[in-house]
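Feature annotation from TrEMBL assigns transmembrane segment to A:12-45, A:65-90, A:111-132, A:138-157, A:191-207, A:242-261.
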Amino acid sequence: MAKRFQIQQMPGFRTIAVVTFVLLYMPIFLLVIYSFNAGTSIAIWEGFSWRWYVSAWDNQQVQEATIRSLVIAFWASAISTTLAVLAALATTRTRKFKGQAAVFAMINQPLMVPEIVTAVALLIFFAMIKVATGYTGLMYLVIAHTAFCIPFAYLPIRARLIGMDLALEQAAADLYAPPFRVFTRITLPQLWPGILAGAMLAFVISLDDVVITEFVKSAGQDTLPTYMLGQLRRVVTPEVNAISTVLLGISVTMVVAFTALSKLKT
Amino acid sequence: MTAAAISARNLRKVYPGSPDVVALADASIDIQDNEFFTLLGPSGCGKTTLLRMIAGFEHPTSGTLTMHGEDLTNLPPYKRPVNTVFQSYALFPHLTVAQNIGFGLEMLGKPKDEIKETVGEMMELVKMSQMADRQTGQISGGQQQRVALARALAPRPKVLLLDEPLSALDFKLRKDMQLELKRLQTETGITFIFVTHDQEEALTMSDRIAVMSAGTIRQIGGPRDIYDRPAERFVADFIGDTNFVPAQIAANTGNDAQVTLSSGKTVTAKMPEGTALTGKVTLAVRPEHASIGAEAAGLLPGRLSEIVYFGTDTHFHVALDDGTGFVVRSQNRPNETLAFSTGDRISVDFAPGVGQVLRD
């Protein structure tokens with residue numbers, strides 16, 4: 001019998017794997033190390049210090065950008081998750097309808113269309129609205145973020161709904177539960193790990209966005225990532241490393257929580 | 001007579017496609033109060049479709065469905081006083097055993113203490129009182145089955161629907177549950193409509209059975225009627241083992257007929273209801289209703305080709321002179337010596353009135 005192909009046994013496998021991981025994680029590792037640099041360089045080590053964390057914490061611009069990022073991420077993930085739940089229900093709990101595949105593709109469109117296209121389109125579209133209404137608030141960013149967060153919230157929720165036994169909802173209806181109570185008492189309690197996972201994914205994606213934010217934001221509406229990008233154009237200090245390290249910490253926590261939630265069995 | 005518990009008139013279900021699939025072809029049926037009624041048939045015969053229509057999960061393409069004279073046809077499942085025991089049980093995994101059983105009562109808006117009391121009674125009824133606070137994932141398949149039953153019985157439905165509820169259980173448990181279900185039905189007095197493809201389950205539990213095939217109801221009757229008096233070949237073949245004997249009707253006297261067999265001998269046979277058959281027909285004879293004897297004594301002469309010992313009984317395979325086969329089954333007795341051995345010339349015999357003329 002032919003031996004099964006095992007990639008681990010190919011020559012150079014180990015080397016390629018090690019090099020890949022080093023390339024992936026070395027820069028992040030260095031970024032974290034230099035966030036504790038006592039000196040002002042991001043390349044020359046001058047001893048351990050919390051200096052840049054304190055500096056970032058005290059920096060009013062960082063504070064404002066952080067709060068702005070969190071506010072946008074909160075609303076974008078809340079709205080996109082709500083819409084994603086409705087979309088997931090409509091694409092899994094209704095009779096098959098004409099154009100269902102097209103609807104599915106349209107919901108996931110932000111995953112396919114280059115971000116820069118969406119960014120330019122939104123810039124132009126919002127500019128028209130700005131001229132017409134005069135409103136220049138944070139809403140534009142919330143709407144933009146909501147739009148590209150929807151597929152990220154939608155996919156885990158839909159996966160969960162598909163995995164759920166339809167007989168449970170029928171059993172509830174059989175036991176005198178009208179449709180809305182079937183949803184609140186049976187569907188929703190089993191769906192919540194999917195909803196939380198979707199919301200978290202949306203939150204992280206929103207928190208991280210640069211391209212669309214850069215195009216859509218008005219003056220003085222820097223989020224943390226766009227603020228950092230702005231800083232890099234001027235003087236680069238380990239303060240940026242410190243902020244990145246904190247963001248990294250948040251993302252890793254979220255990803256771990258996401259994994260745990262998606263494994264959760266009801 | 002009051003209106004039937006469930007009355008179906010010309011129920012039809014067609015799933016559009018190419019070609020259209022007719023799941024149920026104009027089925028009509030009346031199920032009385034307090035009946036243990038079984039829909040029996042092979043998979044795809046429409047029995048589950050009919051059950052799901054009564055539950056409200058499927059809508060008939062045409063026809064009507066009434067309960068005690070009230071039209072059910074367009075009522076959603078949550079407005080029908082009917083509960084279902086699902087094949088997969090469909091217990092709510094995020095609720096405890098007690099919460100599962102109380103779900104229907106809760107949805108009906110019953111007061112808390114009444115729910116608690118009824119749930120207690122139900123758990124006692126299915127012998128699950130010790131398990132009230134367990135999660136449904138922590139109990140065995142047999143116990144899940146009992147919880148599913150209790151959950152469906154708790155709201156005291158007018159009709160309980162059971163969709164092959166025993167098929168996932170092992171043999172021993174299935175036997176116990178058959179008796180248990182019959183006991184529950186007698187104790188609660190609720191009409192049970194039971195779907196199964198297992199003829200033995202149907203025969204042991206039912207008051208009446210509807211045998212279905214290809215979307216139509218072939219015969220309705222008590223277990224004995226169905227077994228002893230199958231109206232057509234499908235029913236005779238699907239339930240138990242049967243010998244099909246070619247015959248010719250000599251004289252038709254309504255319920256009975258004189259039929260002439262291939263050997264030229266004539267015997268009295270039962271006619272299917274409401275038919276006036278003439279000419280060539282087929283006779284159904286159960287193996288245990290026939291006997292073997294000396295060549296000249298019986299109705300159908302032949303050669304004993306095989307003797308198979310089964311413990312409780314022995315099967316005698318006979319090659320009849322007309323070219324067909326016939327199996328006779330006879331119960332074994334202690335210290336018995338067989339009068340015949342393989343290869344002997346013998347004949348098959350059965351009493352007048354044993355043979356059943358088939359409609360087709």
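Cβ coordinates are placed from backbone N, Cα and C, and glycine is handled just like the others.
Same-chain residues lying 6 or more positions outside the transmembrane segment (A:111-132) and placing a CB less than 8 Å from one of its CB atoms are 105, 140, 144, 147-148, 151, 211-212, 214-216, 218.
Contact between the transmembrane segment (A:65-90) and the transmembrane segment (A:242-261) is absent: fewer than three CB pairs lie under 8 Å, with pairs separated by 6 or more positions in sequence.
Of the ranges A:138-157, A:191-207, A:242-261, the one with the most Cβ pairs under 8 Å to the transmembrane segment (A:12-45) is A:242-261. If one looks beyond the transmembrane segment (A:138-157) by at least 6 residues along the same chain, the residues whose Cβ comes under 8 Å of a Cβ in the stretch are 68, 71-73, 75-77, 79-81, 83-85, 87-88, 107-111, 115, 118, 122, 126, 129-130, 191, 194-195, 197-199, 201-202, 205-206, 209, 212-213, 216-218, 221, 223, 262.
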